[in-house]
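Enquirer: Here it is, the structure, as structure tokens.
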Amino acid sequence: MSRKEELYDITIIGGGPTGLFAAFYGGMRQAKVKIIESMPQLGGQLAALYPEKYIYDVAGFPKVKAQDLVNDLKRQAEQFNPTIALEQSVQNVTKETDDTFTIKTDKETHYSKAIIITAGAGAFQPRRLEVEGAKQYEGKNLQYFVNDLNAYAGKNVLISGGGDSAVDWALMLEPVAKNVTLIHRRDKFRAHEHSVELLQKSSVNILTPFAISELSGDGEKIHHVTIQEVKGDAVETLDVDEVIVNFGFVSSLGPIKGWGLEIEKNSIVVNTKMETNIPGIYAAGDICTYPGKVKLIATGFGEAPTAVNNAKAFIDPTARVFPGHSTSLF
């Protein structure tokens, strides 16, 4: 295949909600679109971190399960058959003399007339449990993500953490698991006030201020967890079937920092057209920043069409930035 045949109109780096909607909108603008995603699946953090959790602040949905939203976004984008490249991490972007871009991943090289970066918070990794022997149980019955609530049915579950995810998982697992214990190293939870209120009214066993001090198991599964009172002498040993740790996540822009883009506080600076400082490269969603920026899925859904429409005009100066409403296009 020649480079000309491989040349896409718009390449979207990041296959989360904003990237998926950008792919749909790019297709609607009759652009040849490709998505490059570093994860094994599309959906970004919604699919990777909390597919079973409900989202309440997407317009038109009183509530929607994260994975269901991802599935709908995929179906919407698939109407225009975008090319999908999964498990590829973009390492470098080069602007060529003909104003097109060469995009090198850890697996292959891609070519595009314009780029939209929708990489969310960048690459993210969970903050891990720093207790002796923890690593050997990761992916067995020590988890940092909950992908399937039913996997915890009838089990004794210990959750460690004090933020939104830890509290939300405790509440969601309460009716599924045999029992749920939530420990936090501080007396006060950092989660949303309403969630904490629901937690206090639930049957979840709350132990504060405690932290995990020891794991006991057979190398395949943890059977007992010892917890130590923080700044105290109390010690308890709990029987467990599953352990979920949520201490938050560490995100990084990684190679993006080396692409020559203007970066501010780990975000890509854009103007009202979603243009970066490099003509032909746009950014949308949580990865970008501008005065008054609010990082919400709903915001990304508005920024994606802005980025696509301006990318279309960049590729084809005769194209209208605003194409009209979808009701007149289908």
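Residue positions begin at 1 at the first shown residue.
Each residue, glycine too, has its Cβ placed from N, Cα and C.
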Enquirer: Given that Swiss-Prot assigns T18, E37, Q45, Y50, V90, F124, T327 to the FAD site, pick the one from D68, D148, D187, D286 that the record assigns to that site as well.
Expert: D286
Enquirer: What is the number of other Cβ atoms found within 10 Å of the Cβ of F124 (FAD binding site)?
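Expert: By my count, 16.
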